[in-house]
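Q: Take a look at the following structure, please.
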Amino acid sequence: MLFDSHLHLDQLSDENIQQTLAHSKIIGMLAVSTNLNSAKKLLNLKQTYPKKLYIAAGFHPEQQLPSLEEQKKLFQWIDEHHSSISAIGEVGLPHYSKRENPNLDYVPYIELLERFILIAKKWDLPLNLHIVHNDVEIALELLQKHNIQRAHFHWFKTDEKSFQKFFSTPYFASLTPDILWNSKTQYVAQHLSLNRLMIETDSPWQHEGFERAGISEQLLAVLQKLAELKSLPLHSVQKQILLNTQQFYRL
């Protein structure tokens with residue numbers, strides 16, 4: 001059985017959404033939101049597929065910051081619907097936007113991330129994070145400042161120094177199909193304990209070599225490569241990864 005721990009389900013076509021949720025090999029998925037409208041759409045979908053679809057509410061950091069009024073509405077919506085969501089996400093820092101625009105002011109993004117951390121703590125919800133490379137240390141400092149125990153770093157990749165700091169925390173990381181060729185993803189897979197790993201597709205993102213592959217095919221490819229890197233039987237890796245995800249998100 002397969003569980004996708006991070007995807008943008010609301011960005012798929014209606015037909016693809018139905019096919020994905022009806023797939024017999026997919027036992028569940030954690031769908032993250034990019035803004036308030038995204039979260040609302042996911043909640044409507046969840047009401048149709050309550051046993052397979054779990055959702056997260058947040059604001060994707062690789063976009064223009066929401067206005068204070070938009071932030072207020074999003075936080076209010078989370079307060080009103082916290083019992084229906086399984087995580088706060090996707091939230092984090094705009095690493096790729098900063099790469100394109102070195103003058104981007106990070107301060108308001110850090111402040112917004114801290115607000116999301118506080119609301120996650122308020123409702124005892126885990127965080128599904130967009131945090132990579134040199135943003136890892138910033139995020140770890142915020143998480144530890146607020147004594148956060150459940151944080152999931154999606155599509156995790158960073159330098160060795162930041163990885164060592166991450167390694168000493170209780171936090172989880174998830175792997176995408178780029179484990180097949182990305183040395184940084186392979187490093188995470190090899191050095192992080194199996195009981196701190198999850199798998200994901202970040203669908204509808206198209207991974208190299210998987211442009212026509214469905215979600216189940218992508219997840220299975222990640223598991224197979226992970227089993228190879230860990231020198232473990234595929235069935236035991238698959239069982240542990242599913243258990244990790246269910247326990248982390250309290251499903």
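Any Cβ shown, glycine's included, is placed from N, Cα and C.
Pulled the feature table from Swiss-Prot, pasting it below:
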- His6, His8, Glu90, Asp202: divalent metal cation 1 binding site (BINDING)
- Glu90, His130, His154: divalent metal cation 2 binding site (BINDING)
Q: By a simple count, how many Cβ atoms lie within 10 Å of the Cβ of Glu90 (divalent metal cation 1 binding site), its own Cβ left out?
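A: Within a 10 Å radius of the Cβ of Glu90 (divalent metal cation 1 binding site) lie 26 other Cβ atoms.
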Q: Looking only at His6, His8, His130, His154, the binding-site residues on record, which one has the least crowded Cβ, with the fewest other Cβ atoms within 10 Å?
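A: Comparing Cβ neighbours within 10 Å for the binding-site residues His6, His8, His130, His154, His8 has the fewest.
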Q: His154 (divalent metal cation 2 binding site): which of the binding-site residues His6, His8, Glu90, Asp202 have a C-alpha within 10 angstroms of it?
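A: Those close enough are His6, Glu90, Asp202.
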Q: Enter the number of other CB atoms within 10 angstroms of the CB of Asp202 (divalent metal cation 1 binding site).
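A: Asp202 (divalent metal cation 1 binding site) is surrounded by 22 other Cβ atoms within 10 Å.
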Q: In whole Å, note down how far the CA of His130 (divalent metal cation 2 binding site) lies from the CA of His6 (divalent metal cation 1 binding site).
A: 10
Q: Cα distance, His8 (divalent metal cation 1 binding site) to His130 (divalent metal cation 2 binding site), nearest Å?
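A: It is 13 Å, counting Cα to Cα.
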